[in-house]
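One structure below.
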Amino acid sequence: MDITGNAFVVGGGGGIGKACALAFATEGATVVAVADLDAKKAVEVAAECQALAPSAEFRAIGVQIDITQEDSVRSATEQVVQLLGRIDYCVNCAGIGVQQGADIATLPLAEFRRFLDVNTIGMFLVTREVSAAMRAQEPRLVSSESPRRGTTRGAIVNLASVLSVVAAPGIIPYTASKHAVLGLTKNAALDNVSHGIRVNCVCPSWVDTPMVQQAEEGVQGLTQFIKSVVPMGRIAVPEEIADAVIFLASPRSSYVTGSGFIVDGGTTLTAMS
C-alpha cells in the first residue's frame, strides 16, 4: 500500500513543501509536479526529486503558480493534468507566516487581508481546482492488496497549523487564516467524499523553516515562548511533517477524511499562553 501515483505539491519550492516533494519522490510516486510562486525554486526542487527517486522511470517537473490569483491556479492545475494525465495526490503547502507581531487593537486591516488572501483564499482556490480535476478522472483501486478499501479518485492534504485549533499571542492574522483552513478542509471532505476523494489537513506546531525563522526574528519573545510550550523541547524538522502528509495521502489512511492531524510535539497538551 505504497505511494504509486502522480503528486502535485503546491508551495514546493522550500520548507515543508520541499520536504513533501522529496518524500513523494523517494516513496515511489510516478511523477511529482512541484509548483511555487518562484518558478526557479520549483525547477530546482524538481531536479532534486529526480536525483533522489529510486525508479529510472520517475519524472519531476517545476510549475509556476500564484495561489492568490484564480487564473494562475486554474492554469497551473490544467497544465499539470495535461502533462501528468491525472493528479492522485495534491499537497497544498503554500502560505505566509508572521514576520512582526501585532495586537488586535493595532493590527491594520490590510495586513489581516493579506493573510486571508494567501493562507485562506489561496488554499480554497487550489482545493477547488484540484477537486474538479480529480472528479473528472477515473477511479482506481485504493490498494490491489486490500480491495475491500474500495476505489479513489485522489487525496488532498492541506497544510494547516496547530493554530488552527488553539491561539498564541500577537499573531491574530495567521491564527484566523489557519482556523479557516481547518474549516475549509472539513467541508471540502464532505463535498468530495461521494466522489471518492479524501481531504485532510496536517496541523504542525513550529517547524524549522525559513518562515518560522523570520517569525522568531520579528515577534519578540517567540523563541522563548516556543521552547516553553513544546513538551518535546524542540521544533520539528520539515521531514517529520512530510511523513504525516505522506500517510494522509497514502492508502494507509484510506478511511480518514476531514481530519486535522495534529503533529506538534505535544504542544496542544499544554496552555498556549
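Quick reminder: no glycine exception, Cβ is built from N, Cα and C everywhere.
The structure displayed is predicted, hence computed values, not measured ones.
Per Swiss-Prot, the features are:
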- TYR174: active site, proton donor (ACT_SITE)
- LYS178: active site, lowers pKa of active site Tyr (ACT_SITE)
- ILE16, ASP66, ARG128, TYR174, LYS178, VAL207, THR209: NADP(+) binding site (BINDING)
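Put plainly, the binding-site residues ILE16, VAL207 were compared by Cβ crowding within 10 Å, and the winner is ILE16.
Counting every protein chain shown, 20 other Cβ atoms lie within 10 Å of the Cβ of TYR174 (active site, proton donor). Taking CA atoms as the reference points, ILE16 (NADP(+) binding site) and the residue listed as 'active site, proton donor' are 17 Å apart.
In this structure the alpha carbons, written CA, of THR209 (NADP(+) binding site) and TYR174 (active site, proton donor) are 16 Å apart. Look at the recorded positions ARG128, LYS178 and count other Cβ atoms within 10 Å of each Cβ; ARG128 has the fewest. For LYS178 (active site, lowers pKa of active site Tyr) paired with VAL207 (NADP(+) binding site), the C-alpha to C-alpha distance reads 15 Å.
Taken residue by residue with DSSP, VAL207 (NADP(+) binding site) is part of a strand.
If you compare every pair of Cα atoms in ILE16, ASP66, ARG128, TYR174, LYS178, VAL207, THR209, the residues listed for NADP(+), the longest distance is 27 angstrom. Annotated pair ARG128 (NADP(+) binding site) and the residue listed as 'active site, proton donor', C-alpha to C-alpha distance, rounded: 21 Å. Ranking the binding-site residues ASP66, THR209 by how many Cβ atoms sit within 10 Å of each one's Cβ puts THR209 at the top. If you take the Cα of ASP66 (NADP(+) binding site) and the Cα of TYR174 (active site, proton donor), they are about 19 angstrom apart, rounded to a whole number. In this structure the alpha carbons, written CA, of VAL207 (NADP(+) binding site) and the residue listed as 'active site, proton donor' are 15 Å apart.
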